[in-house]
Structure formats: structure tokens, C-alpha cells
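Worksheet for the structure shown next.
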Amino acid sequence: MSGRRTMTMFRISFRETARNYVLVGLLIALPIAFITVAFAVTQDAQMPIELPIDGETQTVMRGLPEVHGVAMTPLTSTIIAGIVGLLLMQDARNVDGRLVLAGYRAREVILARLGTLSVLVTLVTVVTVGVMAYDVRPEQPMLFVLAIFVVTLLYGFVGMLLGVVFDRVAGLWTILVASMLDIGLFQSPLFPMGEDTWWVKILPGYHPMEVVFDAGLTAQPDTLVHLGWSLGYLFLVGTVAVLLFYRLTGGQQTSRLQVIP
């Protein structure tokens, strides 16, 4: 019974998100605007870039359009996923509490929303990587897709956290600025900043972006440790997001139990 109700809630949640035409438009337009245009306008030249090769950081030459395309793919996916996470948490604040009052268990609502986030993150990953692959193929496709999925889901959870603190407009601006600064600036080899400082290393995008550039631009994996840290960071942020989600919805369930004679 509980599983059937969770699936029903998941279908409702997914349909609600699919009816958000702005979000659907972003899913279609943003990858083309960011990734395809990046390839089209970037000068066909070589650039030096530091990459992990055979366990050492080496400076090698790579095509500027190739590096730009690899950099723009996670930036695009994290912006979209952050917005999705923000909207899901906004719905939790405005709608899910009433669903719990109507009889749904808090865990059923949470599982349905997390299922929606996971499916949408998978879709965003497929679309953004597919758009990039039209112009350039990553050197390690499977690891690249995994890294994009991890950083995208991570920013989906970040969007959920922002949804607790900010209203919709402020949250949208915050996730946009956060993604631009973290993924698009601090973690990008297009804007070298010398030795990474401690505060850059604790940002959400640091570890997964190390894997993204390794998988996108080198033939052998040298950043599996970073992948492990990425998964740990994902678990930590995801746990905090779920606990806050439960607090928003579970609190309504507690109130409902208190008023039942």
C-alpha cells in the first residue's frame, strides 16, 4: 500500500514538474545556448591546461573549443538541476505539508520527490552530455557521464537547501550565481587562479570537476580519489537536504496527530 501511494505521488510530482514550461524550456534551450554556442564562438586554437596524467599534474596542450565545451557541460547541468531542487523544496513548503495532513506519510512524499529529482537529474545529464557529444566526444565517456551526474545531483540537493532559506526569486538568482562562480569560474581551467586555496577545495564543485576534466580530456583515469570524495560530499549534502525536507513535511504530520482526538 505504501509503495503504491509513493508511486502515485511520484507520478503526480513528475507531471507537475513537466507542466512547468519554463523549466522544460531551460532543459531544451540552455544546453544549446551554453554548450553548442560555446563550440561555435570559441577560437580554434590550442591552450595549455594542467591535467592529472600518470599520477602527476602535467601541463599539456588541448583544443580551446574542446576545453570550453567540457567546462560548459557541467555548468549547464548544475544550473538546471539547482533550479529543479529549489522548486521541489518550494513545493514541499507550499504543498507537501498539506498532503501529509491529508493522510500521506512524510517518507512517502519525500521518496516521491527524491525520485522526481533523480529522474530529472538523469534526464538533464543525458541531454547536456548528448549536446556536447555532437561536437566532441569525451576521452573516458562512462566516467565523464558519471561525474556529470554526480555534480548535477549534488547541485540539485544544493538547490533544495537554498529552497529552505530563500523564496523563489531569490533562490533562482542564488543558484545561478553559485553555479557560475563555483563551476564556471573557480573550478574552470579557462580561468586559472594558481594553486587551489582551501576555500576552493571545500566548494561543492571541486572534487567532481576534477573528475570531469580528467574524464573529458585524458585517456586514463587519475582522479578516482576525487570521485570518492565527490560521492561522500553528495551523501552529506543529500542527507542534510532530506532531513530538512522531512522537517518541513514531517512537522505537518506531527501537527495532524496532535489534533486527532
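Any Cβ shown, glycine's included, is placed from N, Cα and C.
Bear in mind that TrEMBL entries carry predicted annotations, made automatically and left uncurated.
Copied from TrEMBL, the annotated features are:
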type: DOMAIN; residues: 95-246; note: domain 'ABC-2 type transporter transmembrane'
type: TRANSMEM; residues: 21-41; note: transmembrane segment
type: TRANSMEM; residues: 70-89; note: transmembrane segment
type: TRANSMEM; residues: 110-131; note: transmembrane segment
type: TRANSMEM; residues: 143-165; note: transmembrane segment
type: TRANSMEM; residues: 172-191; note: transmembrane segment
type: TRANSMEM; residues: 227-246; note: transmembrane segment
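Of the recorded ranges 21-41, 110-131, 143-165, 172-191, the transmembrane segment (70-89) has the largest number of C-beta contacts under 8 angstroms with 143-165. Taking every recorded stretch in 110-131, 143-165, 172-191, 227-246 and counting its Cβ pairs under 8 Å to the transmembrane segment (21-41), the highest total belongs to 110-131. Residues 49-50, 67-68, 71, 74-75, 78-79, 82-83, 85-86, 151, 155, 158-159, 162, 166, 200, 203-206, 209-210, 213 of the same chain lie 6 or more positions beyond the ends of the transmembrane segment (172-191) yet place their CB under 8 Å from a CB of it.
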